[in-house]
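Annotated in Swiss-Prot:
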BINDING   His76, Gly117, His118, Ser119, Gly149, Ala150, Asn177, Tyr284, Glu365  thiamine diphosphate binding site
BINDING   Asp148, Asn177  Mg(2+) binding site
Amino acid sequence: MSKYTILDKINTPSDLKLIPESQLKILSAELRAFLVDTLDVSGGHFASSLGATELTVALHYVYNAPYDNIVWDVGHQTYIHKILTGRKDKLVTIKKDGGISGFPKRSESEYDTFGVGHSSTSISAALGMAIADRLQGKSSNTVAVIGDGAITGGMAFEALNHAGGIKEDILVILNDNEMSISDNVGGLSAHFSKIISGGFYNSIREKGKEVLKNIPPIFEFVKKVETQTKGMFVPANFFEDLGFYYVGPIDGHDVTELVKTLRILKDHKGPKLLHVITKKGKGYTKAESDPIKFHHVAPSFHSGENVITKASKPTYSNIFGDWICQKAAKDKRLVGITPAMKEGSDLIRFSQLYPHRYFDVAIAEQHAVTFAGGLACQGLKPVVAIYSTFLQRAYDQVIHDIALQNLDVLYAVDRAGLVGADGATHDGSFDLAFMRCIPNHVIMTPSDENEAYHMLELGYEYNGPAMVRYPRGAGIGAEITDSLDLELGKAKIVKQGSKIAILNFGTLLPLAKQLAEKYHATVIDMRFVKPLDEIMLDKVSQTHEIILTLEENCIAGGAGSAVNEYFVAKDLSNKIIVRNFGLQDKFLNHGTKDLLLAQSKLCVENISQELDKLI
C-alpha cells in the first residue's frame, strides 16, 4: 500500500480541489515525504520547497490556475508546485538531460506562467499580466510569490511602487523565512493579524473610512491609531504607504489559516500584500538546522548510500577565496563585495577574517557595482565577486559609474560559461560580448587555476576596471606558483605547430591541445580578450593558413569576434581562413556540461568535422 494515500489521488489542481480541507495538513506532510524520497534519487533544490509547501497547497486550493496567474520569484521553491501541476512522476528527472527544469518554464507547463531563475522579477511580471487580463476583459486573479531575500532587489520595489500607485488588483505574497519578529511579539502579531485579515474587519474598515472622510480630523486620527497599533505588532512596513492593503504576518505553515486568508483576499480588490512567516527546510530536521547546506542536495543525501566526498581539486571559486584572503592580509585597502553570493563565491572565510571589509549588499547587483565605485573614489580597492549571469543586471552601472570614470574596480566573475544543470537562466554565456565593447576595461580569461590566481593579482594592481572570468567547478589541478610570467595583453604559445593555429580563450585549453595532437596545430593561450595581443595575431596570420578561436562564450560579439575585427581592420580576412567556435546563437536547456559543450560544437568530433572540410 502506498504511503501517499492522498497525494496519489492528485495530478492537477483540479484534483486537489476535491480533497476535503481537513486533509490538507496530511497532504502537506505527504508532499514533504515525497520530495525527500524523490530528491534522494535525483538531487535538486530542497529547503526552499519544504518551506513553501503549505503556501503552495493553499494557493492551488483557492485559486483556479492556470486561468488565475500564480507567478513565482526565483523558482527554487517551486518543486511542490510542479508536483501539484502534472509533473509528479517527472520530478525525478529534474535538472537532468531531457527532464524537467529546476525552475518555472513557460514551455514546460501552462501552470508556469512566467519563466524565472533570477530574482525580484515576479511582481513586475504579475502586474503586467493583471493589467493585460483586465484590458482584455478577463476576470482572472493574479498572485506574485516573492521571498524576503528577493524583495530586497530594487526591481521589486519599482514594481510595488507602480502597482500601488495605479491601484491594480494584484496580490503579492511575501514569503518571509527569516523570522524577523521575535517569538514573544510573534504570538500577539499573529493574533492581531487574524483580526486585521477578517472579512468583518475588512468591511467595517472600508465602510468606516468612507463615513469618516467627511470628518477629516477624526479620519486622520483613526488612520493614525490603526497604523500605530499595527506597528506595535508587525515590523514597520511601508507597503501601505505604497498603496497596498497589508495583511500579516501569519503562520505560513498553518494551511487552514492560509486558505481562509487567501479566500478573503481573493474578494478584496486592489493591490494587497500578504506577509507569511515560514521556515526554510520545514519538516526535515537537518534542513531546518542548516537551510544553507540543504538549499540544494545531491542524490542519496537522505539514504546516505553514496556519501559525496570533497573534491580532490579546488574549484575556481576556492582559488578566488584563497587569493582574496591572502591579498587582504597584505593590503588594507582591499574590500570585498558580493550581491548575496557569499557561499557560492567562496567568501565565507574572508567575511570571517575581515568582517569590516566584507559587504554582502543582498540581491542588489546595480548597487553593488556603484557602491564599489564610491569606495574606489575614496582610495579603496574594491573586489566585486559576482556570477556572470548576474553581472548582466548591473550593465549601466558598469559603463556609466565605473568605466566612464576609469575607477579601480576588479570584477571576479564566477560561473562564466556553461553551468550545466541550472540551465540557460544561470549560464554565463554573454559576459565577454557585453564587457568587451566597453572602453577602459581589461578582460582576462585564465586557462587554469594558476592563471586565475595570478590574473586576479594583475587585475587588482591594474589602475582601472578589470575583469577575470572563470567557470563553475574544479579546474585541472594546476599548482599555484609563487610567480607567473604574465604580462598585460600578452599571449602565450603553448605548443608550436604549423598551418593551423588554435587561439584559446579560457578553460577550453585541454580541448585545444587535443586538436593540436590530431592536426599538428599551434596552440596559443590568448589570456586576454582586451587588450588583444596584436603582435601575436600578426605573427600567427603570417605563419598559418587556418586560425580557430575557442571560447566558452557566445560567438556573437565574443573573443573570436574581436579577432575577426582585428584581421578585417588589417585587410587580412581574405588571406587567412578564420573559424570561431563558441556558444551558438540559442539558449541551451539544462544537462551535463559535456553534453552542452557537444551541442555547442565545442568538442573534438565536431571541430574535427569542420577542420577536415577546410584542409
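Keep in mind that glycine also has a Cβ here, set from the backbone N, Cα and C atoms.
For Gly149 (thiamine diphosphate binding site), other Cβ atoms within 10 Å of its Cβ number 18. Within 10 Å of its Cβ, the residue among the binding-site residues Asp148, Glu365 with the fewest other Cβ atoms is Asp148. According to DSSP, His118 (thiamine diphosphate binding site) sits in a coil region rather than a helix or strand. Each of the binding-site residues His76, His118 was scored by the other Cβ atoms within 10 Å of its Cβ; the lowest score goes to His118. For Glu365 (thiamine diphosphate binding site) paired with Asp148 (Mg(2+) binding site), the C-alpha to C-alpha distance reads 16 Å. For Asn177 (thiamine diphosphate binding site), the same-chain residues 6+ apart in sequence whose C-beta sits under 8 angstroms from its C-beta are Gly51, Gly147, Asp148, Gly252, Ile277, Thr278, Lys279, Lys280, Pro291. According to DSSP, Gly149 (thiamine diphosphate binding site) sits in a coil region rather than a helix or strand. Under DSSP, Glu365 (thiamine diphosphate binding site) is assigned to a helix (H, G or I) in the three-state scheme. Under the DSSP three-state reduction, Asn177 (thiamine diphosphate binding site) is assigned to coil, being neither helix nor strand.
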